[in-house]
Ligand SMILES: Cc1cc2nc3c(=O)[nH]c(=O)nc-3n(C[C@H](O)[C@H](O)[C@H](O)COP(=O)(O)O)c2cc1C
């Protein structure tokens with residue numbers, strides 16, 4: 001029986017060997033995970049066993065490691081990994097309920113091809129696809145034949161047009177366009193197949209798309225940028241937002257700010273789910289959890305530590321500093337990932353960190369919330385945010401994989417369930433049904449219905 005109490009949504013945010021930068025060195029991790037399909041199959045099935053709503057992979061059309069130092073590169077594990085849509089297409093065949101969130105960039109992808117890929121994934125998974133819309137903070141322009149990485153504002157302007165265009169393409173076929181009447185030889189109703197004839201600032205695309213309307217109408221649209229234009233994009237067009245917050249107050253500010261923007265677009269607060277990340281370091285006791293954390297932190301090589309720091313100090317020469325010096329001020333402006341820079345700046349200033357404390361603070365969760373403790377304490381930390389206007393969902397970021405996810409499913413999920421905060425079984429078969437999100441109407445059908453009604 002479904003509980004009437006408001007339910008938490010859970011996503012498994014999968015980073016091949018685990019989220020911690022040194023995870024691949026841990027005895028429990030799968031060191032070749034990035035290209036090991038059996039490993040991902042196990043993770044998707046574990047998350048589904050725990051009745052998670054979704055699995056999610058981040059992505060960039062480049063290796064994650066942009067270390068200039070050859071020593072750091074030699075010790076980095078994240079350069080080679082699967083492309084998300086093809087990965088999820090395969091795993092949808094060995095699961096039945098869990099949703100699949102694939103990250104794809106509005107800066108570096110093409111709208112027609114992206115619409116086609118995600119519509120196909122939605123059919124292949126029988127309605128379990130979602131697109132994590134990112135503008136790509138990092139400059140990966142050298143992998144593409146373009147003059148350079150567009151500025152932050154330009155990337156978001158393009159993203160706004162991109163998302164609308166993709167939704168338009170998903171409406172190319174109305175839901176009842178296919179007649180498939182063998183006897184009379186009528187396959188489809190041409191009045192229900194549409195060219196979108198889009199002409200915008202960035203794109204000119206006629207359509208129709210060569211895939212039918214996705215099973216969910218549109219795959220669920222997720223967004224993961226928290227700057228001012230990122231929040232606006234989420235409020236206007238997306239249904240779930242992945243975010244990183246350190247403190248309850250910051251998370252509450254973000255939650256109420258983003259929810260407060262929805263009315264302007266004729267949307268209700270529950271039409272956008274807010275999902276902060278959490279990096280849970282588990283132990284049977286508090287002491288054991290801390291030891292587990294200290295051990296994985298001890299696996300970070302100094303060259304990796306400096307690479308992490310340099311990533312935040314873009315354009316700043318750190319060669320005169322030692323790790324025990326107080327962290328100097330971070331650069332004030334960036335054209336890359338604005339919200340994450342603000343988050344780490346606040347973290348450093350609030351806690352008056354040394355450079356060593358700074359890299360240790362972000363080596364695992366990269367700015368997301370870290371909770372080190374017993375399963376009860378992890379559940380408490382989640383419930384605190386869920387009950388206090390800071391989260392509708394959580395992106396669980398296991399430090400080490402596969403064990404970090406298995407432990408969470410076996411030890412934390414039962415506690416959330418006992419507290420009536422999390423489902424015992426899936427409510428539906430599509431990702432939208434499980435997330436409680438409505439299936440969007442086809443814009444052409446809607447326009448015709450409105451014309452007829454007038
Ligand atoms: C949980 C989370 C996951 C993200 N995943 C990605 C990703 O996979 N690829 C990417 O390019 N950016 C990712 N981002 C960053 C942004 O989505 C964003 O496109 C961009 O860097 C600008 O962010 P801003 O609006 O916060 O400045 C992620 C952000 C968060 C909070």
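The first residue you see is number 1, and the count goes up from there.
Cβ atoms are placed via backbone N, Cα and C, with glycine included.
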Cross-ref TrEMBL: FMN site 59, 103, 152, 156; candidate in list 4, 206, 227, 256 matching that site is 227
All chains considered, the count of other Cβ atoms within 10 Å of the Cβ of residue 59 (FMN binding site) is 20
Greatest Cα separation in angstrom, residues 59, 103, 152, 156, 227 binding FMN per the record, works out to 19
